[in-house]
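Asks: Below are the structure tokens for one structure; questions will follow.
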Amino acid sequence: MTQAGKKKKRAVNRSIMLAKKIIIKDGGTPQGIGSPSVYHAVIVIFLEFFAWGLLTAPTLVVLHETFPKHTFLMNGLIQGVKGLLSFLSAPLIGALSDVWGRKSFLLLTVFFTCAPIPLMKISPWWYFAVISVSGVFAVTFSVVFAYVADITQEHERSMAYGLVSATFAASLVTSPAIGAYLGRAYGDSLVVVLATAIALLDICFILVAVPESLPEKMRPASWGAPISWEQADPFASLKKVGQDSIVLLICITVFLSYLPEAGQYSSFFLYLRQIMGFSSESVAAFIAVLGILSIIAQTVVLSLLMRSIGNKNTILLGLGFQILQLAWYGFGSEPWMMWAAGAVAAMSSITFPAVSALVSRTADADQQGVVQGMITGIRGLCNGLGPALYGFIFYIFHVELNELPMPEAAAGSSVVAQYHLQQNSIIPGPPFLFGACSVLLALLVALFIPEHTNLNVRSSNWKKHCGSHSHPHSPQAPGEAKEPLLQDTNV
């Protein structure tokens, strides 16, 4: 894109922002406290995932008590259904929020995401059933990112999204440890009550304090732009993957590397608790340490690597760390091995930010949103397929706890681990070894990605395909499709 084109685009963005500010100042958003800001979105995210983080340890216990014979299989199915429903519904909810405003959909997504919390003690079966169905509305991040896009200019969004992602990570770093301590001292019922109270506080905050970021006069409905199927089609971005060989290589790399990562997120803490003999406090400490190390890896270490060895080599290094981490999880038989592999896992978290940076540096400015949208769509698909795949592999390898409940007296020891080794001594964690093989394929594919190439992804065809349903307030604007540091998951 020419320098004149870039200046024109910045001028358009400034004009849109000025129009929004004028409308808001004239009374376009009477609800809420103050003007819309990134801090409103940050508080919404923090409260929602802090509430769920408190339930990390109780959820693992209730999951095993509810499904004692097929714990990992049922966990994979529950999280898999939730992930697939989220993938299918996210584009439609995003399109509807463009028409009806962000605040109402923030309220809707937070309410349905947190609705299962009080059911944990009322009816565990209903608890897990509602978790699965809640995937239809469990897309808070999509609405929050659209909210942030409404109130920031393009050059400010990376920092704003980074703040949202860091807040999400911070909530999950602190809350599992707090929930485990309160559960041990006062019982899980208190933890569920506290999590429910925080979820209600989040809902009340949205109702009372969060102002609408998309004024009535700025919505596409007022311009006569109806919602089309292309806007609500979750597979729309995936259909364009094969139109460019370099994009295809990047997308295959993302799919093969993130599929095992998504499965790992859904089952790994259960694996630590029930198979490796970790106590609730140890699981919470593991989450905290891994989260802190991941934040350091994705900021300081990533920056140093990008400057010293380059973008592509950073991706390859991250995939190498991921292979080592998954193989270590797969063959590890002692708790200390899990801790050591966790440090390697933190280093492997540099892969996706490096992939996003590669796309942003090599794609044309007017194609950023399309390419990033493809990658985000593939990750969303993996969020549904990965947990189900891991649960199925655990099931076919008979990694279950049919006879041995985990006593607290044995927590932190290797009693459960030794029992597991007697059952499956060669490969303690089969899905992790499968994941290592998948990432190895991703590494081989990534070798063919050129370091310095402009992604001329047939912009004329893409513009023809996308032009009929794009508008200035699409949440998928250039450079916006950044993922949180951790994934939207309850376990």
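Quick reminder: no glycine exception, Cβ is built from N, Cα and C everywhere.
Annotations in TrEMBL come from automatic prediction, not curation.
According to TrEMBL, the record shows the following:
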DOMAIN    37-454  domain 'Major facilitator superfamily (MFS) profile'
TRANSMEM  38-57  transmembrane segment
TRANSMEM  77-97  transmembrane segment
TRANSMEM  104-120  transmembrane segment
TRANSMEM  126-148  transmembrane segment
TRANSMEM  160-183  transmembrane segment
TRANSMEM  189-210  transmembrane segment
TRANSMEM  246-263  transmembrane segment
TRANSMEM  283-306  transmembrane segment
TRANSMEM  313-331  transmembrane segment
TRANSMEM  337-359  transmembrane segment
TRANSMEM  380-397  transmembrane segment
TRANSMEM  432-449  transmembrane segment
REGION    464-491  region 'Disordered'
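Map the listed features onto the structure and describe their local environment.
Replies: Listed by sequence, the residues of this chain that lie at least six past the ends of the transmembrane segment (38-57) yet keep a Cβ under 8 A from its Cβ atoms are 32, 106, 110, 113-114, 117, 120, 140-141, 144, 147-148, 151-152, 160, 163-164, 167-168, 170-172, 174-176, 178-180, 182-183, 188, 191-192, 194-196, 198-199, 201-202, 205-206, 209-211, 269, 273, 280, 283-284, 287, 490-491.
Note on the transmembrane segment (77-97): residues 104-105, 108-109, 128, 131-139, 142-143, 146, 214, 227, 231-234, 236, 262, 266-267, 377, 380-389, 391, 475-476, 488-491 of its chain, located 6 or more positions outside it, place their CB under 8 angstroms from a CB of the stretch.
Long-range neighbours of the transmembrane segment (104-120) within the same chain, counting only residues 6 or more positions beyond its ends whose Cβ lies under 8 Å from a Cβ of the stretch, are 44, 48, 51-52, 55, 58-59, 62, 93, 96-97, 126-128, 130-131, 134, 136-140, 143-144, 147, 188, 192, 195-196, 199, 202-203, 206-207, 210.
Sequence-distant contacts of the transmembrane segment (126-148), counting only residues of its own chain at least 6 positions beyond either end whose CB sits under 8 Å from a CB of the stretch, comprise 36, 38, 40-41, 44-45, 48, 62-63, 66, 74, 77-78, 81-86, 88-90, 93-94, 97-98, 102, 105-106, 108-113, 115-116, 119-120, 157, 160-161, 164, 168, 213, 473, 475, 480, 482, 484, 488, 490.
Long-range Cβ contacts of the transmembrane segment (189-210) within its own chain (Cβ-Cβ under 8 Å, at least 6 residues beyond either end) map to 31-33, 36, 40, 43-44, 47-48, 50-52, 54-55, 57-58, 103, 106-107, 110-111, 114, 117-118, 120-121, 179, 182-183.
Away from its own ends, the transmembrane segment (246-263) comes close to residues 76, 83, 315, 319, 322, 326, 351-352, 355, 358-359, 362, 371, 374-375, 378-379, 381-383, 385-387, 389-391, 431-432, 434-436, 438-439, 441-442, 445-446, 448-450, 453, 455, 457, 487 of its chain (Cβ-Cβ under 8 Å, at least six residues beyond either end).
Nonlocal intrachain contacts for the transmembrane segment (313-331), taken as residues 6+ away from its ends with a CB within less than 8 angstroms of a stretch CB, comprise 253, 257, 260-261, 264, 268, 302, 305-306, 337-338, 340-342, 344-345, 347-351, 354-355, 358, 427-433, 435-436, 439-440, 442-443, 446-447, 449.
If you look at the transmembrane segment (337-359), the same-chain residues 6 or more away from its ends with a CB under 8 A from one of its CBs are 250, 253-254, 257-258, 272, 276, 278, 286, 289-290, 293-294, 296-298, 301-302, 305-306, 311-312, 314-315, 317-319, 321-322, 324-325, 328-329, 368, 371-372, 375, 379, 449, 455, 481-483, 485.
Using a Cβ-Cβ cut-off under 8 Å and counting only residues 6 or more beyond its ends in the same chain, the transmembrane segment (432-449) has close neighbours at 246, 249-250, 252-257, 259-261, 263-264, 312, 315-316, 319-320, 322-323, 326-327, 329-331, 358, 390, 393.
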Asks: Per-residue pLDDT averaged over the domain 'Major facilitator superfamily (MFS) profile' (37-454) comes to what?
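Replies: In the predicted model, the domain 'Major facilitator superfamily (MFS) profile' (37-454) has a mean pLDDT of 79.
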